[in-house]
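Asker: Below, the features straight out of TrEMBL:
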- 1-18: signal peptide (SIGNAL)
- ARG82, GLY113, ASP134, LEU179: S-adenosyl-L-methionine binding site (BINDING)
- GLU180, GLU183, HIS184: Mg(2+) binding site (BINDING)
Amino acid sequence: MNRLQKLLLLSAPRLSLSAIPPSCFLHRRAFSTSATDAVNKSRNSTLSSLNENEIAKFSAIADTWWHSDGPFKPLHQMNPTRLAFIRSTLCRHFSKDPGSVRPLEGLRLIDVGCGGGLLSEPLARMGATVTGIDAVDKNVKIARLHADMDPVTSTIEYHCITAEKLVDKGRTFDAVLSLEVIEHVANPAEFCNSLSALTVPNGATIVSTVNRTMRAYASNIVLAEYILHWLPKGTHQWSSFVTPEELTMTLKRASVDVKEMAGFVYDPITGRWLLSDDISVNFIAYGTKRNDLGDI
């Protein structure tokens, strides 16, 4: 067994509460909001989920989005597994053939928090009409430059804008995707309201994030940031991680019913990420937008 395998197997059991910086427990973000507030907030551009500290953090490393061995290496490694879930789920939701060369053809998708376009580009290659938005201007510029290298991906529409601002413009999409973003926003409830508002009735909403568990702290912060240096130190805050229950309830209050969840588990032997029933660390949720808010 090599060093990496030993670290992955041993880090969680050996972690104690005393190893967690006190700051991890200081801030709990508000997830609860009434159905009425959800409507009002999603229409009010003065309310924002924007986190200026996170904007600065990702601006500093924006040039490395397409470096497969750089700070975004974990996302490069996880991407095939994320795409497998998305492809299967959206094909089932929209009655498409997952075996088709362009299974998502005819669908309008938006990648919220698109970064450098790691998700947007393969979605475009699957035939979808893709819009990517990000609050970091440097991310959008990198995404555009990379997409323009291929005629297929050059059709992607990129904008430096927040989800809330795009809601104000009246844009809607068949499916809204936001992967590894919600743990970096200031107001998860407002963010979910915006994701819902961008989704057409009966459309699909897909969100992935990190569970707030000791295992997640061990693997995604201690191991990934401080031992293996896969990510820059400070990339994640344990207190900002989102539990499956919180995500489900927040989306429900925003008129999105979660239908399915799956976990992402790293196999240190093969170096690959696999879909799993284990949602204790990284997980992804698929939901459908209701026709109306109704009574929650």
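From the backbone N, Cα and C atoms, a Cβ is placed for every residue, glycine too.
TrEMBL labels come from automatic prediction, so no person has curated them.
In terms of burial and nearby residues, how do these features look in this structure?
Answerer: Listed in sequence order, ARG82, ASP111, GLY113, LEU119, ILE206, VAL207, SER208, ILE284 are the same-chain residues at least 6 apart in sequence whose CB falls under 8 Å from the CB of LEU179 (S-adenosyl-L-methionine binding site).
Secondary structure at HIS184 (Mg(2+) binding site), taken from DSSP and collapsed to helix, strand or coil, is helix.
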Asker: Round to a whole number and give the Cα-to-Cα distance in Å for the pair GLU183 (Mg(2+) binding site) and ASP134 (S-adenosyl-L-methionine binding site).
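Answerer: Distance between the two Cα atoms comes out at 15 Å.
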Asker: Could you tally the C-beta atoms, other than its own, that fall within 10 angstroms of the C-beta of ARG82 (S-adenosyl-L-methionine binding site)?
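Answerer: Taking every protein chain into account, the count is 24.
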Asker: Look up ARG82 (S-adenosyl-L-methionine binding site) in the DSSP assignment and report helix, strand or coil.
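Answerer: SS state of ARG82 (S-adenosyl-L-methionine binding site) = helix.
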Asker: Have a look around GLU183 (Mg(2+) binding site) and count the other CB atoms within 10 A of its CB, chains all included.
Answerer: 23
Asker: What whole-number Å value do you get for the CA-CA distance of ASP134 (S-adenosyl-L-methionine binding site) and GLU180 (Mg(2+) binding site)?
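Answerer: Roughly 13 Å, rounded to the nearest whole number.
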